[in-house]
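Undergrad: Pasting a structure here, questions to come.
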Amino acid sequence: MAPSLEVQEEETALPFSNPTHTNEAPPHKSKVTVVGSGNWGSVASKLIASNALRLASFYDEVRMWVYEETLPSGEKLTDVINRTNENVKYLPGIKLGKNVIADPDLESAVKDSNMLVFVTPHQFVEGICKRLVGKIRGDVEAISLIKGMEVKMEGPCMISTLISQHLGINCCVLMGANIANEIAVEKFSEATVGYRGNREIAEKWVQLFTTPYFMVTAVQDVEGVELCGTLKNVVAIAAGFVDGLEMGNNTKAAIMRIGLKEMKAFSKMLFPSVKESTFFESCGVADLITTCLGGRNRKVAEAFARNEGKRSFDELEAEMLQGQKLQGVSTARELYEVLSHRGWLELFPVFATVHEIAIGRLPPSAIVRF
Ligand SMILES: NC(=O)c1ccc[n+]([C@@H]2O[C@H](COP(=O)([O-])OP(=O)(O)OC[C@H]3O[C@@H](n4cnc5c(N)ncnc54)[C@H](O)[C@@H]3O)[C@@H](O)[C@H]2O)c1
């Protein structure tokens, strides 16, 4: 029998005590490396750098691994970041903090650190992890800010699991309604840390990211938090189609509602431990709303629909995003593989249709054919 889409109510998340007001001396200092330096990676470095300077439990210096690029000026991106304290390609106009040191050498960037923040487009993370095997400290804790999943022969693999499996380390996640450019200019937003069992570690991540304009809470539900962050990009593509076809606000709200229902059902079918309450955290409904209103997936999908699907997502991504990466289209493909493999396609019409439109099998208007 096909599984039902109905899910059970569960308890809400426990709040954390305010981590920035503690008088206890830290047992030892932590050193942080941010693995990734795109739009969000640069903003994450900025948040972390301000806290590393302020809190005694962290070393001041924050390393940021940069996938090296040569700029049109002929200079290396890393050199420019270290000279100007700005990521001129991915976050122009924003100072990262003088304690952020850009490093193009992955091995040297991570070698002294016991806290690794993974924030690259998801398609690169497996290659990065393979290069890190045997190169990191034995006491490393990780957190993933990456939205996406890998589909393996044995089924879908969340990015935090991939990091844990390759490197033999614990990996939390941080997701939320976080359009990087808005946080870069210190507009208030919230985020959710998902952790597995160790509350102390979760509290440390909360401490590292929280600022007066970035409010972080934690829930014991890694899979729920990570699936929210991953799946909402697919719904955002659907919302972009609706915008491109000028279908109006009611239609967009309907797509968002059905999309959220599919997100919740898929997550719980894949991981029965996923909590209902997680969908009401920043990583859930709030991230879905912001992504469907303002994110890059929505924007490129809108252009795709306006062009009646005649210009591919690859072409539009290259033209509109200047090196930034779309996650929703590849996630839709990966999701489609999982759905067809498990015989779930009919249960998830929004998820399935997004992929079929993206590959040209259906026209953009099919997004509202139920
Ligand atoms: N930008 C946002 O608003 C935002 C918000 C929340 C989460 N995220 C998530 O953060 C993750 C990273 O996104 P981003 O916005 O920082 O990146 P981005 O799309 O702005 O930039 C792409 C990055 O990939 C790097 N890159 C290119 N080729 C590479 C390769 N072969 N190997 C390794 N790196 C390579 C580039 O140097 C650049 O740093 C994604 O999973 C995204 O979904 C982004």
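Backbone N, Cα and C define each Cβ position, glycine as well.
This is the feature table in TrEMBL:
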type	residues	note
REGION	1-29	region 'Disordered'
DOMAIN	31-196	domain 'Glycerol-3-phosphate dehydrogenase NAD-dependent N-terminal'
BINDING	Gly36, Ser37, Gly38, Asn39, Trp40, Gly41, Phe124, Ala180, Arg296, Lys325, Gln327	NAD(+) binding site
BINDING	Lys147, Arg296, Asn297	substrate binding site
DOMAIN	221-368	domain 'Glycerol-3-phosphate dehydrogenase NAD-dependent C-terminal'
ACT_SITE	Lys232	active site, proton acceptor
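In terms of burial and nearby residues, how do these features look in this structure?
TA: Non-local neighbourhood of Gly36 (NAD(+) binding site): Ala44, Met64, Trp65, Tyr67, Val117, Phe118, Val119, Thr120, Leu145, each in the same chain, at least six residues away, with C-beta under 8 Å from its C-beta.
Arg296 (NAD(+) binding site) has a Cβ environment of 22 other Cβ atoms inside 10 Å. In three-state terms derived from DSSP, Arg296 (NAD(+) binding site) belongs to a helical segment.
Sequence-distant contacts of Lys232 (active site, proton acceptor), defined as residues of its own chain at least six apart whose C-beta falls under 8 angstroms from its C-beta, comprise Lys147, Gly259, Met263, Asp287, Leu288, Thr291, Cys292. DSSP assigns Lys232 (active site, proton acceptor) to a helical segment in the three-state reduction.
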Undergrad: So if I take the binding-site residues (Phe124, Lys147, Asn297, Gln327) and measure from each Cβ to the nearest atom of ligand 1, which come out below 6 Å?
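TA: Going through Phe124, Lys147, Asn297, Gln327 in sequence order, those close to ligand 1 turn out to be Phe124, Lys147, Gln327.
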Undergrad: Between all pairs in Gly36, Ser37, Gly38, Asn39, Trp40, Gly41, Phe124, Ala180, Arg296, Lys325, Gln327 (listed as NAD(+) binders), what's the biggest Cα distance, rounded to the nearest Å?
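TA: Result: 19 Å between the two most distant Cα atoms.
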Undergrad: Please report the DSSP secondary structure of Trp40 (NAD(+) binding site), reduced to three states.
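TA: DSSP assigns Trp40 (NAD(+) binding site) to helix.
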Undergrad: What whole-number value in Å do you get for the largest C-alpha pair distance within Lys147, Arg296, Asn297, the residues recorded as binding substrate?
TA: 13
Undergrad: Within 10 Å of its Cβ, which one of these binding-site residues (Trp40, Phe124) has the largest number of other Cβ atoms?
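TA: Counting Cβ neighbours within 10 Å, the top one is Trp40.
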Undergrad: Counting Cβ atoms within 10 Å across all protein chains shown, which of the binding-site residues Asn297, Gln327 comes out on top?
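TA: Answer by Cβ density within 10 Å: Asn297.
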